[in-house]
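Per TrEMBL, the features are:
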BINDING   T29, V193  pyruvate binding site
ACT_SITE  Y120  active site, proton donor/acceptor
ACT_SITE  K150  active site, schiff-base intermediate with substrate
Amino acid sequence: QINLSVIGQYVDYLVGKQNIKNIFVNGTTGEGLSLSTQERKQLAEEWVCQGKDKLDHVIIHVGALSLPESQELARHAAAIGASAIAVIAPFFFKPTNKDELVAFLQKVASEAPEVPFYYYHIPPLTGVKIRVEELLDGIKERIPTFQGVKFSDTDLLDLAQCINKNEAEQFEFLYGVDEQLLGALAIGANGAVGSTYNYLGQKTNLMLQAFAKPDLVLARRYQFLTGEFLNFVIKLGFGVAQTKAVMTFVSGIPMGPPRPPLIDASEEFIIKAKAKLDSIVWPDGN
């Protein structure tokens, strides 16, 4: 079951300990697609409520397999004052070309006509591999609220072409593959949404500061160490359940078990992951 009571504590932890001021709710790590519509609404409301005057942006993911459900979630997000909404491509009956995908996205975005809209591109999970470069061509005419893309794919060529062709539009490209963030920043990504920022947000912010200076040697050091941890846990079997276990032992906030078909992280995983994370010496000495 969802546990609303820890969200206020979680907001304070993210802001105070990880220097995180922007939240993406009901996405992959939040198991949004495993929740009922009512549960998703409750979570969205609680994040907006608890984040008031503490968070800069609360983006609500409203994608669903059912168009009416997605539209209902979009209307709800608008009503509660979400900063923006995002939508994945439907992944059972899939859009097969750009026009089909844009038509779906437009029907959702139009239900929240005052709210900035993001396309959530995550082909490893949706199986929808329509290139974002193609998708963006003329999208502002179809979706006036279109703000940008949460780009959760390793295809940096596609991302680079998106940024190169759409600089005048000032779209935002929020990168979603944490272990490749520095590469995405180098070609022009201007933000990131990812699971590791729940527990390595402060370190990633230090990497962003180093990149902005630019001190690429220092930025690479942070990226390599994040990658070293992820490379280690991926070999053990690393998914949403294991991410929640890491978030729990780092923050001290009980993140709870995942919802089936996912199963809890093993005790062995937790012991090994904690030891690995504790062994890393970061450039700031912590």
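Cβ coordinates are placed from backbone N, Cα and C, and glycine is handled just like the others.
What TrEMBL annotates, mapped onto the structure for a quick look.
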residue : record                             : contacts (Cβ under 8 Å, 6+ apart)
T29     : pyruvate binding site              : S195, N198, V240, T243, K244
Y120    : active site, proton donor/acceptor : G27, H61, G63, A86, V87, I88, V149, K150, S152
V193    : pyruvate binding site              : F24, G27, I59, K150, S152, L174, Y175, G176
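When Cβ atoms from all protein chains are considered, those within 10 Å of the residue listed as 'active site, schiff-base intermediate with substrate' total 26, not counting its own.
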